[in-house]
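*Asks:* For reference, the structure I am asking about is given below.
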Amino acid sequence: MSVNISSELMDYDVILASASPRRKELLSLMCENFRVIPSDCDEKIPEDVTPELAPEYLSGIKCRCIASVYDLSVVIGCDTVVICDGEVLGKPVDEADAIRMLKMLSGKTHHVVTGVTLGRGCRYSSFSVDTAVTFRELSDQEIKAYVKSGEPMDKAGAYGIQGLGALLVEKIDGDFYNVVGLPVSRLAEELHEFLKKVQSK
Ligand SMILES: Cc1cn([C@H]2C[C@H](O)[C@@H](COP(=O)(O)OP(=O)(O)OP(=O)(O)O)O2)c(=O)[nH]c1=O
């Protein structure tokens, strides 16, 4: 049962291959002791990878980059993107890019997809979770004020639903924590299954 995942993980050296403070906080809900070792791999998405599969692909790159060095550890790699009108929105490169993204998201439903790859030795398992988020109509003035707050700059799609960005959201369909960067409930289930496979090796 995945609610016992915290005790199951105690037998392993767990590494979160992510620089995201949000993921660190969320992983601590289910894992008491883990190390954070962000990967610095090239995050380019090949042309033949569809927007929906991009986060799973990128999470695999981040996981493999660390798991190939720490081959006895259980490594968790993650990637979150926003998909709107078929376009993948990562983190904005500057304020103008953040304004462009928020104008695009205004008054529409977009998808936030987080891909996760679990790895240990040469064993890997990937999955992704999709949450639909609908923004209300935003005025140019409030977009500018939000960007000036600085909150959008390190976040996919240029907003943080867990912060001031909550005020932009009309409704959400799916896991809230998936939008923040880690689908905790599904992750606990997947970790439980992954550890079973690792043990049976
Ligand atoms: C949409 C959204 C994204 N985000 C964050 C989650 C991720 O940290 C970030 C997406 O960027 P990622 O590239 O997935 O992650 P990262 O660069 O922060 O960390 P790393 O690559 O080392 O794992 O956007 C929020 O915090 N709130 C939100 O509402």
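Glycine residues also receive a Cβ, built from the backbone N, Cα and C atoms like all the rest.
Summarising the annotation, TrEMBL assigns active site, proton acceptor to Asp79. If you look up TrEMBL, you'll see Arg22, Thr80, Gln162 marked as site 'Important for substrate specificity'.
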*Asks:* Among all chains shown, work out which of the recorded positions Arg22, Asp79, Thr80, Gln162 has the most CB atoms within 10 A of its CB.
*Replies:* Thr80
*Asks:* Could you state the CA-to-CA distance between Gln162 (site 'Important for substrate specificity') and Arg22 (site 'Important for substrate specificity') to the nearest Å?
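*Replies:* On Cα coordinates alone, these residues lie 10 Å apart.
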*Asks:* Roughly how many Å separate the Cα of Thr80 (site 'Important for substrate specificity') from that of Arg22 (site 'Important for substrate specificity'), to the nearest whole number?
*Replies:* 12
*Asks:* State the three-class DSSP label for Gln162 (site 'Important for substrate specificity'), counting H, G and I as helix, E and B as strand, and everything else as coil.
*Replies:* coil
*Asks:* Could you tell me the C-alpha distance between Asp79 (active site, proton acceptor) and Arg22 (site 'Important for substrate specificity') in angstrom, no decimals?
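*Replies:* Per the Cα atoms, Asp79 (active site, proton acceptor) and Arg22 (site 'Important for substrate specificity') stand 12 Å apart.
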